[in-house]
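The ATP binding site annotation in Swiss-Prot covers Arg12, Asn32, Gly33, Ser34, Gly35, Lys36, Ser37, Ser38, Gln133. The coiled coil feature in Swiss-Prot is assigned to 192-222, 402-493, 570-612, 646-677, 702-731. What Swiss-Prot records for 452-556 is domain 'Zinc-hook'. For Cys497, Cys500, the entry in Swiss-Prot reads Zn(2+) binding site, with the evidence type sequence analysis.
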Amino acid sequence: MIIKNIKMENFRSHRNTSINFSKGITSIIGQNGSGKSSIFQAMNFALFAPRGNNFRIENLMQQGAASFSVELEFEMMGNTYLVKRKRFQHKTDDKLYVNGKLNAESASEINKKIEEILEIDNSVFSNAIYIKQGEIANLIQMTPRDRKEVIGKLLGIEKYEKASEKMNIVKKSYEETLLKLEGELTQEPEILENLEKLKNEVSESEILKEEILKKYENLEKLKLEKNSEILQMEEKFAENNQLKENLKDIISEIKNINLEIQNFKNSLNLVAEESKNISENEENYKKYLELELKIKELNNKLIGHKSNYESYNKLKTIEESLLKELGVLKESLKDNKKNPDELKENLKENDEKILILDKIKEKIKELEFIEKQIYEIKIHKKTVETLFDSVKIYDDSIKTFEELKTKKNSYENLLKEKFDLEKKLQNETDEKTKLISELTDFEKIEEKINLENELKEKYEDLSEKIDKLNEIVLKKESKISEYKNSKAELEKTKDSCHVCQSKITEEKKQELLEKYNSEIQNEQLSTESLKKQLEIILNKKEKMKVKLNEIDSFKLKYGELKEKKNYSLKVEESIIETTEKLNELTGKINEYSSLNDEISLIENKLKNLENDYKNCNYSSQFLTKNDESEFLTKKLELSKIIGDYDSSKIENEKKSLENLKDELKNTIYNLEREINLKKELKNIQNDISSKIGIVECYVKWETEKSDFENKLSECKENYEKYMESLAVLKNYSKTYSVEINNLNEFLNQKIAEKQQFCEKLLETRTEIEKNIQTVNYNPELHENAKRLYENILNEFNDILRTLERISSELKLKNENISYLNEKIQNLSNKKEEKKKIEEFKEYLDKIKREIFSKDGFQKYLREKYIPLIQRHTNQIFQEFELPYSHIQLKDDYSLIVDGLPVETLSGGEQIAVSLALRLGISKAVCNNIECIILDEPTAYLDEDRRKNLLNIFKNIKTINQMAIITHHQELEQIADNIVKVRKIGENSKVSLE
C-alpha cells in the first residue's frame, strides 16, 4: 500500500487539512500537541473505522461542529483506492471508490473490502505498519523474556493465550454443569420408590371406585322413579294454579264490565241533562252574541278617535292653567311703570356696586392675615432667643452620638469577624479530625515508597547479574557445542586429525575423546550450576518486581494521601493562625465594654432635648421665610384702601343691594312671562275650536257603548250555562268519537253490548269452578313426595361427590405417575448429557493442551515466525552498511549479532539492530508491506543515537514509503518531503516544504 493523499474536515484539531504523500521519506514535524498523531489516527479511521474510546465520535469531532469527514487515497497492486468516511451525531456516510468508480457504500461492507484489498485487519495494520513511540529503543533495552512477550503481541500470538483463558471459563461452566447433573441424578432411587408407592395407591382407589359406582347406579334408578311422581304432581299443581288464576281473572273482568255499564248509564243521564240546558238558554245565548258584536264595533270607533278626545281634554286643562297664571301676573305687576330694558339697566348698576364691596371685603381678609403673621413673627423671635442654649447642647450631643455610632459599627464588625473566625476554627478542627482518620495508613505507605529507589537499584543489579550470567551461559553452551562438534568429527576420523590432518593413533584418539568428554562434562556442570544461580536470581528478581509493582499500586494512593498530609499541615498552621487572630480580636472587643452605656446615656439626652431642637428649628425656618418689614408695609397700603369700612358695614350694604337685585330680576321675569303666556293661550284656543265636532261624536259613542254593556251583563249568566253544557257534550263527543246528536243512541247500544258480554263471562266462571274440582290436587301429598325426593337426592349427591373425589385423586395420582416417568426419562437423558459433557471436556483439555497452550500452537507459531523475522531482519540490516553480517534471534528471544550479545554493541549499532528487528517483524506479519509509519522514533534517544538512526533511515531500500512523525528538526535532513504541523488557537495548520 502506497498512501497518496489524506483529507480531514473537523477531525480533532484539523478544521480543513489536506496532505499529499509520495514515495520515499515524509517527515511530519511539529511540537507536541500540534496534531501530528491525529493524521495517522485519521488514516486508521479511514481504513477500518475502528471502535473504542479513542474513536468515539464526540472525541474525534471538533467542538461546535455538526459532522467530521476523512478521505484517504492509496495505491495497491496497480489500482487506486479512495475511502471516504463522514460522521454525524446519529448518521454515517461512507463510500469506497476503486479507480474512480463507486464500489461500496456501507461501513461494514467497506471494512470487509479494505481487509480483502490489504490482506490485513486493523490489529495487523496497527502493529505492522504503525510503529509506536519508543518501540525501537525498547526492543533492545528489554530482557529476552519481555522481548518475547512484546513480539508475541506484535505477531498476534497473545490472542491464543486469551483463547486459552477463555477456554478455562468455558471448561469451568461445563464442570459446574456436571456437578449440577450429578446432584440431580442422586434423586433417581427416591423417584423410583415414590412411583411404586403411587401405583399401589391407584390400584386400591380403582377397587373402591367400582363399589361406589354400584351404589350410585341403584340410587340413580330410585331418584328417577320419585322424580317422575313429583313431575306428575307438579303438572296437577300447575294446572290447578292456572285454573285458579283464570277464575280470578274472570271475576275481575266481570267486575270491570259492570263498572263500565254503570259509567255508560251515568254518561247517558248527564248527556240528557246538558241537552236540556242548551235548549233553555239558546235564545239569550244568541242575544249575547249580537250585543257583543255591536260593542266591538263601537269600541273600534272609540279607539280610532281616542287620541283626538284626549288631546282636546289636555288643551282645555292647559287653557284653564294659562288663564289662572295670567291673572296672578297681572296682579303682581300693577305697581310697575317701567319696561324690561330700563329694569335691566338698573340691575347692571346694582351688580357693579356689589363687586366693589366684594373687593373691599377681600382686602379686609388680607389685612387680618398680615396682622396675624406679624404677631406670629414676634412669637417665633422670642422662641429662638429662649431655646438657643438648648439647641447648642443638642448639636454637640449629635456629634458625640455619631462618633459613638462609628465606634459601634467597628465593634459589630469585630464581633462578626470573631464569629467568622470561630466558625472557621470549628470547620478547620473538624477537617483536621477527618484528615487524621484518613491518614492512618500514610506512614506505612510512605515507608514502603521510600524503599523504592533501594529496591530499584537491587532490581537493576539483579538484571545486570542475570544478563552477565546469560552471557556466560551462552558462551559455555557455545563451547559445549564446539566440543561436541569436535568430538563428533574426531569419532568419524580413523587415522588422521580432523583439524590438522596429521596422523593420529587410536590411543591418541581415545585420549582426545576422553578430554572432550571431560571438558563437556565440566562445562555442563558449570552451566547447570550457573543456571541454578540464574534461577535463584530470577526468583529474587520476580519477587522484587512484585514488591515494585505493589509500590507502583500504592503510588496513586500515596499521592492522594501526600496531598492530604500537606493539606493537613496547612490546616494545622491555619488553626494556629486563626486562634491567634481570635485572641487578638477578643482583646479589641473588650475595649468596647462601656460603649452601650455611653450610647444609652447620649440617646436619653437627645430624646430630652429633641422637642426644644425641633421648636427652635421650626421658628428659625419660619423667620427665614417671613420678612416682618414687608408685612408692615403691606398693612399700611391695605389700610388706605379699606378706609372706614369693616366687615359688618359691608355685609349690611351688600345685603340691601342683593335684595334689590332679586326684586329687579323677579319683575323682569314676570313681564317677559306675561308676554309669552298670552301668545301660548291664543294658539291653544285655536286648537280647541278645531276639535270640538269630533269630541261631541266621541261622547255619543261612549253613551251607546255603556247601554249595550248593561244589556250584555243581563244575558251573561244564560250564555255561560249554554257554553258549559255545550263543552260537556263536546267532551263526550270527542271521548267516544261520535257526533253530539248521536250520543244517546251510541250510549244505549254500548250498555246493551256490555250486558250481553257479562252474561257470557258468568257462564265461563261456572265451567272453571267445575274443572278445579275435577283436577283434585292435594298439596300435602305433593309436599311429602318432595321431601322424600330431596333425601334421596342428598344421598345421591354425597355418593357423587365421593365418586368425583376418588376420580380426582386417581387423576392426580396418574398425573404424578406420568410426571415421575417423565422425570426418570429426563434423568436418563441427563445421564447421556453427562457422558457427552465429560467426553467434550476431555476434548477441550486436548485442544487446550495441543493447540492453545504455550507448548502447543503458540510454540509452533513462534518457531515458524522466528526464522521469518530473522530473514527479513537480516535483509533490512544488510542495507544499513554496518560492519556486521548476521543478526540471530534465539529461541529464548535473546539477540546475537555475529556471535556477540547485542549488549556488547555501541549505542548506534544497537539502534540499527532494533530498527532492523522492528521492520523485520512488520514484514513477517505483512509480507507485501510497502509503507511504514513511525511515531517519534527518536524519542528517548541521545544525540549520537539520533544521528545514527537518521543515517540508517537513508539507507533503507526495502520499504518504498516511510512517514515519520516527530518533533525533532534533524529529520528534515533525510526527508524527501516535509510536512510541518503547527497549532493556531484550537486548530492545526499544515504546510508542505
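The backbone N, Cα and C atoms fix where each Cβ goes, and this holds for glycine too.
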ATP binding residues Arg12, Asn32, Gly33, Ser34, Gly35, Lys36, Ser37, Ser38, Gln133: largest Cα-Cα distance, in Å and rounded to whole number: 20
Beyond the flanks of the coiled coil (702-731) by 6 or more, those residues with Cβ under 8 Å of it: 270-271, 274-275, 277-278, 280-285, 287-289, 291-292, 294-295, 298-299, 302, 740, 743
PLDDT averaged over every residue in the coiled coil (192-222): 81
Chain-internal residues, separated by at least six, CB under 8 A from Gly33 (ATP binding site): Lys983
Cβ neighbour count within 10 Å of Ser37 (ATP binding site): 19
For Gln133 (ATP binding site), the number of other Cβ atoms found within 10 Å of its own Cβ: 17
Count of other CB atoms lying within 10 Å of the CB belonging to Arg12 (ATP binding site): 20
Beyond the flanks of the coiled coil (570-612) by at least 6 residues, Cβ under 8 Å: 387, 390-391, 393-394, 397-398, 400-401, 404-405, 407-408, 410-411, 414-415, 417-418, 421-422, 424-425, 428-429, 431-432, 435
C-beta crowding around Gly35 (ATP binding site), within 10 angstroms: 24
Three-class DSSP secondary structure - Gly33 (ATP binding site): coil
For the domain 'Zinc-hook' (452-556), the number of residues DSSP places in helix, strand and coil: 92 helix, 2 strand, 11 coil
